[in-house]
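A.B. asks: Heads up, here are the entries from TrEMBL:
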- Lys25, Lys26, Arg27, Leu28, Arg29, Arg153, Leu154, Gly155, Tyr156, Gly157, Gly158, Gly159, Phe160, Tyr161: ATP binding site (BINDING)
- Glu80: substrate binding site (BINDING)
Amino acid sequence: MAEILLSGKRHLALPTLLRGKMVDKKRLRKELLQARKSLSEQEWDNKSQAICEALNQYLDMSSVVSEGGTILSYFYFRSEPSLDPLFNLSVYSWGVPRCVENELSWHFWKPGDALTKGGFGIREPLPSAPICSPEAVDLILVPAVACDSRGYRLGYGGGFYDRLFAQPQWRRISKIGIVFDLALVSELPTDAWDVPLDGVCTDQRLIINSDQLSKYGRQGE
(Lines of atoms letter the chains of each structure in order from A; the text may use other names.)
(Lines give C-alpha, C1' and ligand atoms only; values in the text may rest on other atoms or scores of the structure.)
Protein backbone atom coordinates (compact mmCIF):
# COMPACT_ATOMS: atom_id res chain seq x y z
CA MET A 1 0.00 0.00 0.00
CA ALA A 2 1.29 3.49 -0.84
CA GLU A 3 0.56 6.41 1.44
CA ILE A 4 -0.33 9.92 0.28
CA LEU A 5 -0.14 12.30 3.22
CA LEU A 6 -2.75 15.00 3.59
CA SER A 7 -1.41 16.71 6.69
CA GLY A 8 2.35 16.17 6.81
CA LYS A 9 2.09 13.58 9.60
CA ARG A 10 3.51 10.11 9.08
CA HIS A 11 2.53 8.18 12.21
CA LEU A 12 -0.31 5.72 12.52
CA ALA A 13 -2.65 6.11 15.46
CA LEU A 14 -2.37 3.08 17.75
CA PRO A 15 -5.12 2.57 20.31
CA THR A 16 -3.98 1.48 23.77
CA LEU A 17 -5.24 -2.05 23.22
CA LEU A 18 -2.96 -2.54 20.22
CA ARG A 19 0.27 -1.46 21.89
CA GLY A 20 2.45 -4.52 22.14
CA LYS A 21 -0.20 -7.23 21.79
CA MET A 22 -2.85 -8.64 19.50
CA VAL A 23 -6.38 -8.21 20.80
CA ASP A 24 -9.79 -9.57 19.97
CA LYS A 25 -12.06 -7.62 17.67
CA LYS A 26 -14.80 -7.10 20.24
CA ARG A 27 -12.57 -5.25 22.71
CA LEU A 28 -10.91 -3.22 19.99
CA ARG A 29 -14.28 -2.27 18.48
CA LYS A 30 -15.50 -1.02 21.86
CA GLU A 31 -12.45 1.18 22.47
CA LEU A 32 -12.42 2.69 18.99
CA LEU A 33 -16.14 3.43 18.99
CA GLN A 34 -15.70 5.22 22.30
CA ALA A 35 -12.78 7.24 20.92
CA ARG A 36 -14.83 8.26 17.90
CA LYS A 37 -17.81 9.16 20.05
CA SER A 38 -15.62 11.43 22.18
CA LEU A 39 -14.97 13.80 19.26
CA SER A 40 -16.65 17.17 19.62
CA GLU A 41 -19.21 18.12 16.99
CA GLN A 42 -16.75 20.62 15.51
CA GLU A 43 -13.93 18.05 15.39
CA TRP A 44 -16.25 15.52 13.77
CA ASP A 45 -17.36 18.05 11.16
CA ASN A 46 -13.82 19.25 10.39
CA LYS A 47 -12.50 15.71 10.03
CA SER A 48 -15.44 14.68 7.86
CA GLN A 49 -14.85 17.68 5.60
CA ALA A 50 -11.17 16.76 5.29
CA ILE A 51 -12.09 13.24 4.18
CA CYS A 52 -14.56 14.58 1.61
CA GLU A 53 -11.95 16.96 0.23
CA ALA A 54 -9.39 14.15 -0.05
CA LEU A 55 -11.87 11.89 -1.83
CA ASN A 56 -12.90 14.69 -4.16
CA GLN A 57 -9.25 15.22 -5.08
CA TYR A 58 -8.77 11.48 -5.56
CA LEU A 59 -11.78 11.28 -7.87
CA ASP A 60 -10.49 14.25 -9.88
CA MET A 61 -7.04 12.72 -10.36
CA SER A 62 -7.83 9.01 -10.59
CA SER A 63 -9.12 7.03 -13.55
CA VAL A 64 -10.91 4.55 -11.28
CA VAL A 65 -14.21 6.40 -11.77
CA SER A 66 -14.85 8.25 -15.01
CA GLU A 67 -17.41 11.02 -15.43
CA GLY A 68 -20.85 9.46 -15.26
CA GLY A 69 -19.53 6.48 -13.30
CA THR A 70 -21.22 5.00 -10.26
CA ILE A 71 -19.98 5.21 -6.67
CA LEU A 72 -21.53 3.40 -3.73
CA SER A 73 -21.41 5.32 -0.46
CA TYR A 74 -23.32 5.34 2.83
CA PHE A 75 -25.33 7.53 5.19
CA TYR A 76 -23.41 7.98 8.44
CA PHE A 77 -24.48 6.88 11.91
CA ARG A 78 -22.74 6.34 15.27
CA SER A 79 -20.47 9.35 14.58
CA GLU A 80 -19.08 7.84 11.38
CA PRO A 81 -17.40 10.26 8.98
CA SER A 82 -20.07 12.06 6.98
CA LEU A 83 -19.71 11.79 3.22
CA ASP A 84 -22.96 13.65 2.56
CA PRO A 85 -21.25 16.57 0.73
CA LEU A 86 -19.99 14.17 -1.94
CA PHE A 87 -23.54 13.45 -3.07
CA ASN A 88 -23.55 16.95 -4.58
CA LEU A 89 -20.93 15.82 -7.12
CA SER A 90 -23.50 15.36 -9.86
CA VAL A 91 -20.95 14.15 -12.42
CA TYR A 92 -21.26 10.73 -10.76
CA SER A 93 -24.18 8.46 -10.06
CA TRP A 94 -24.52 7.47 -6.41
CA GLY A 95 -25.78 4.34 -4.74
CA VAL A 96 -26.63 3.82 -1.07
CA PRO A 97 -27.66 0.69 0.84
CA ARG A 98 -30.82 -0.67 2.39
CA CYS A 99 -30.61 -3.43 5.00
CA VAL A 100 -32.84 -6.26 3.81
CA GLU A 101 -32.74 -9.06 6.39
CA ASN A 102 -29.02 -9.90 6.58
CA GLU A 103 -27.97 -8.40 3.26
CA LEU A 104 -27.32 -5.00 1.73
CA SER A 105 -29.51 -3.97 -1.19
CA TRP A 106 -28.04 -1.10 -3.22
CA HIS A 107 -30.17 1.60 -4.82
CA PHE A 108 -29.41 4.65 -6.91
CA TRP A 109 -30.02 7.87 -4.99
CA LYS A 110 -29.47 11.60 -5.48
CA PRO A 111 -30.10 14.65 -3.27
CA GLY A 112 -33.81 15.40 -3.19
CA ASP A 113 -34.90 11.77 -3.50
CA ALA A 114 -37.04 10.43 -0.67
CA LEU A 115 -35.45 8.66 2.30
CA THR A 116 -36.75 6.55 5.15
CA LYS A 117 -35.31 5.23 8.43
CA GLY A 118 -34.08 1.64 8.47
CA GLY A 119 -34.03 -0.85 11.31
CA PHE A 120 -30.86 0.64 12.83
CA GLY A 121 -32.15 4.20 12.49
CA ILE A 122 -29.95 4.74 9.43
CA ARG A 123 -31.26 6.78 6.52
CA GLU A 124 -32.15 4.52 3.61
CA PRO A 125 -33.57 4.94 0.10
CA LEU A 126 -37.09 3.76 -0.52
CA PRO A 127 -37.54 0.13 -1.61
CA SER A 128 -38.90 1.47 -4.89
CA ALA A 129 -35.66 3.31 -5.73
CA PRO A 130 -33.85 1.87 -8.79
CA ILE A 131 -31.63 -1.11 -7.98
CA CYS A 132 -27.89 -0.66 -8.47
CA SER A 133 -26.30 -3.87 -9.80
CA PRO A 134 -22.57 -4.63 -9.29
CA GLU A 135 -21.94 -4.45 -13.03
CA ALA A 136 -22.73 -0.72 -12.90
CA VAL A 137 -20.41 0.10 -9.98
CA ASP A 138 -16.89 1.55 -10.24
CA LEU A 139 -16.03 2.28 -6.60
CA ILE A 140 -17.35 1.48 -3.12
CA LEU A 141 -16.73 3.80 -0.16
CA VAL A 142 -16.89 1.48 2.83
CA PRO A 143 -17.68 2.61 6.40
CA ALA A 144 -15.71 0.96 9.20
CA VAL A 145 -14.91 1.08 12.89
CA ALA A 146 -11.22 0.82 11.98
CA CYS A 147 -8.87 0.04 9.10
CA ASP A 148 -5.23 -0.95 9.04
CA SER A 149 -2.35 0.01 6.80
CA ARG A 150 -2.76 -3.24 4.81
CA GLY A 151 -6.36 -2.43 3.88
CA TYR A 152 -8.11 -4.72 6.33
CA ARG A 153 -11.28 -3.45 7.95
CA LEU A 154 -12.97 -3.84 11.33
CA GLY A 155 -16.74 -3.53 11.04
CA TYR A 156 -19.54 -3.51 13.57
CA GLY A 157 -19.82 -7.28 13.80
CA GLY A 158 -22.94 -7.71 11.68
CA GLY A 159 -21.04 -9.11 8.70
CA PHE A 160 -22.97 -7.11 6.08
CA TYR A 161 -19.89 -6.09 4.08
CA ASP A 162 -18.18 -9.45 4.67
CA ARG A 163 -21.11 -11.17 3.00
CA LEU A 164 -21.13 -8.60 0.21
CA PHE A 165 -17.43 -8.98 -0.58
CA ALA A 166 -17.64 -12.77 -0.40
CA GLN A 167 -19.52 -12.54 -3.71
CA PRO A 168 -17.12 -12.38 -6.70
CA GLN A 169 -19.19 -9.79 -8.56
CA TRP A 170 -18.80 -7.37 -5.63
CA ARG A 171 -15.26 -8.32 -4.61
CA ARG A 172 -13.84 -7.26 -7.99
CA ILE A 173 -14.93 -3.62 -7.47
CA SER A 174 -12.44 -1.07 -6.11
CA LYS A 175 -13.07 -0.45 -2.42
CA ILE A 176 -11.84 2.39 -0.17
CA GLY A 177 -12.36 2.24 3.60
CA ILE A 178 -13.44 5.44 5.34
CA VAL A 179 -12.32 6.14 8.92
CA PHE A 180 -11.02 9.01 11.01
CA ASP A 181 -7.25 8.86 11.44
CA LEU A 182 -7.67 7.89 15.10
CA ALA A 183 -9.06 4.56 13.82
CA LEU A 184 -6.22 3.79 11.39
CA VAL A 185 -3.92 1.20 12.97
CA SER A 186 -0.84 -0.67 11.83
CA GLU A 187 -2.35 -4.16 11.93
CA LEU A 188 -5.80 -5.47 12.78
CA PRO A 189 -6.62 -9.01 13.86
CA THR A 190 -8.08 -10.78 10.82
CA ASP A 191 -10.09 -13.86 9.97
CA ALA A 192 -9.75 -16.14 6.96
CA TRP A 193 -12.79 -14.61 5.25
CA ASP A 194 -11.67 -10.98 5.56
CA VAL A 195 -11.19 -9.27 2.19
CA PRO A 196 -8.65 -6.41 2.14
CA LEU A 197 -9.78 -3.09 0.72
CA ASP A 198 -7.96 -1.36 -2.12
CA GLY A 199 -7.38 1.77 -0.08
CA VAL A 200 -8.13 3.71 3.08
CA CYS A 201 -8.98 7.40 3.36
CA THR A 202 -8.78 9.32 6.64
CA ASP A 203 -8.75 12.99 7.53
CA GLN A 204 -4.93 12.93 7.39
CA ARG A 205 -3.92 10.47 4.68
CA LEU A 206 -4.94 8.41 1.69
CA ILE A 207 -3.49 4.92 1.40
CA ILE A 208 -3.97 3.01 -1.85
CA ASN A 209 -2.58 -0.27 -3.16
CA SER A 210 -0.21 -0.53 -6.11
CA ASP A 211 -2.94 -1.33 -8.64
CA GLN A 212 -4.92 1.72 -7.57
CA LEU A 213 -1.73 3.81 -7.50
CA SER A 214 -1.17 3.17 -11.20
CA LYS A 215 -4.53 4.84 -11.83
CA TYR A 216 -3.76 7.83 -9.60
CA GLY A 217 -2.50 10.88 -11.47
CA ARG A 218 0.06 11.96 -8.87
CA GLN A 219 1.62 8.48 -8.65
CA GLY A 220 1.69 8.79 -4.87
CA GLU A 221 3.75 11.95 -4.68
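Note: Cβ is positioned from N, Cα and C throughout, glycine not excepted.
Give me the lay of the land around each of these features.
C.D. replies: In this view, Glu80 (substrate binding site) is surrounded by 19 other Cβ atoms within 10 Å of its Cβ, with every protein chain counted. A coil conformation is recorded for Glu80 (substrate binding site) in the three-state DSSP classification, outside any helix or strand.
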A.B. asks: Using C-alpha atoms only, work out the spacing between Lys25 (ATP binding site) and Glu80 (substrate binding site) and round it to an integer in Å.
C.D. replies: 18
A.B. asks: Which one of these binding-site residues, Lys25, Arg27, Arg29, has the sparsest Cβ neighbourhood, judged by other Cβ atoms within 10 angstroms?
C.D. replies: Arg27
